[in-house]
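First up is the structure itself, then whatever we jot down about it.
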Amino acid sequence: MNHSPQSARPVSIMRRFLDSEAAGGITLMAAAALALIVANSPFAQTYFDALHLYIGPLSLAHWINDALMAIFFLLVGLEIKREMLDGQLASWPNRMLPGIAAAGGVILPAIIFAVLNHDNPAKLRGWAVPSATDIAFALGVLSLLGSRAPSSLKVFLATLAILDDLAAVVIIAIFYTAEISMPYLGAAFITAAVLFVMNRMGVVKLLPYLISAVILWFFVFNSGVHATVAGVVAALMIPLKPAPGRPDDMTSPLHKLEHALAKPVAFIVVPIFGFANAGISFKGLEASVLGDTLTLGILLGLFLGKQFGVFGAAWLAIKTGLAEKPMGASWVQLYGVAILCGIGFTMSIFIGLLSFPSDLMQTETKIGVLSGSALSAICGYLLLRAAARPKRG
C-alpha cells in the first residue's frame, strides 16, 4: 500500500526534527517550561506528590536522579572516551583551547559564588553549581543559527562542554560524596576491575558490559559515592575498537552503545530529569528569594562568571600562542559562544540537588540556574545572530 506525500510529510518532518542538533535542547526547554506550568497549576500537588511517591526503596525523584541519570552519565563517559582517543581531544593542540577555556569557565563562576556566600558554610556547599555547561541546551541554541555559525565554533563549544562535564564528574566524585561504606566500595572496585579485564581480553559483546554496569551502579549507590559516577566508570571500560577479524562488523562496541543511547537520552532521560526538577512553585515565594546570595551567586556565576571565565581564558591562550582561534570565527562570535556556556541547566541543577538538602535552598538553586541559563541563552543567541549578519555597503 502506497502512502500519499501528505501522509508521509508529518513523519518526515518529525524525523528531521529528531535528527537536528537543536532537537535535544528544544525538547529539554519544553520539558522545563511544562514543569513550571504544572507546578503553578491546579495539578501542582499531584505533581509534587508523584515525585515523592516511593517505588521500592527509593522515591520517584531519587529513581530519576540516581538511576535514570546514570544512563546520562554513561553516555557522557562514552563521549569523553571517544573524543579523548579518537576525536577532537585526541591530540594536545586540539585540547589546549577548549581545555584552558573550560578551566576558566569552572574557576571564575566558583569564585563569584564563593565571594557572595563565603560567610555561610551551608550555602558555600553549592560553589560548583554555576560551573557546569548543558551541552544539549548550548548546542541547541547555537544550531538555531544554522550555517551562519562556523562549524569550528560548534566543535569548540561541544569539546568545551565535554571537558566541562568531565570536570563536573570529578567534582561530584570528590566533593559530593557521603559517608563511605568500604565493603560496598570494595565490591565496586572489584566490579570495575572485572570490566577492565573484559576490555583487555578483547570481549566485544555489549551484554556482559551492561550487566556488569548495573551491578557496578548498585555497589556504587550503596557505597556513598554518588551512583552516577558508575555510569562514567562503566563507559570508560567499553572497547573503542571493533572485534578483530570481523570484516562484517566494523562498528566498535562503544560506537554501537553511544548510537543506541543518543536519542533515548536526549528525548527521554534528560527531558524527564528536566520535568522532574525544574518545577518551582511560586506560590508563597517571597521576592527576597531573588536577592538571596545563593540565588544571586548562581545567577551571576552562570551569566557573568562563565562568559568572562571562558572568553578571558581563551583570549589569553590565543594571545600567548598556546592555542589557535577557531577557524573562520571572529572574536565577537567566540565571545557569543562563551556566553552560551552559561547555560548550565541539567548538570547545575543536578549538583544543586546534591549540595542542598532543604527544599527552600533547592528552590533558590533552581531559580538561579533557570534565570542564569535563560539570560545566557538569550544574550548569547542575540550576539551571535548580530555577528553573523552580512555587512551592508
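Glycine too: its Cβ is placed from the backbone N, Cα and C atoms.
According to Swiss-Prot:
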{"type": "TRANSMEM", "residues": "23-43", "note": "transmembrane segment"}
{"type": "TRANSMEM", "residues": "58-78", "note": "transmembrane segment"}
{"type": "TRANSMEM", "residues": "96-116", "note": "transmembrane segment"}
{"type": "TRANSMEM", "residues": "126-146", "note": "transmembrane segment"}
{"type": "TRANSMEM", "residues": "155-175", "note": "transmembrane segment"}
{"type": "TRANSMEM", "residues": "178-198", "note": "transmembrane segment"}
{"type": "TRANSMEM", "residues": "201-221", "note": "transmembrane segment"}
{"type": "TRANSMEM", "residues": "224-244", "note": "transmembrane segment"}
{"type": "TRANSMEM", "residues": "265-285", "note": "transmembrane segment"}
{"type": "TRANSMEM", "residues": "298-318", "note": "transmembrane segment"}
{"type": "TRANSMEM", "residues": "334-354", "note": "transmembrane segment"}
{"type": "TRANSMEM", "residues": "367-387", "note": "transmembrane segment"}
Handout entry: Stretch-level contact, the transmembrane segment (298-318) and the transmembrane segment (23-43), CB cutoff 8 A, at least 3 pairs
Key = no
Exercise for the section: Count the Cβ pairs between the transmembrane segment (126-146) and the transmembrane segment (178-198) that lie under 8 angstroms and are 6 or more residues apart in sequence, then report whether there are at least 3. Expected result: no
Completion exercise
Ranked by Cβ pairs within a distance under 8 Å of the transmembrane segment (224-244), the first of 58-78, 96-116, 265-285 is 58-78
Exercise for the section: Determine whether the transmembrane segment (334-354) and the transmembrane segment (178-198) share at least three Cβ pairs under 8 Å, counting only pairs 6 or more apart in sequence. Expected result: no
Fill in the blank from the handout: Of the listed stretches 23-43, 58-78, 178-198, the one with the highest count of C-beta pairs below 8 angstroms to the transmembrane segment (265-285) is 23-43
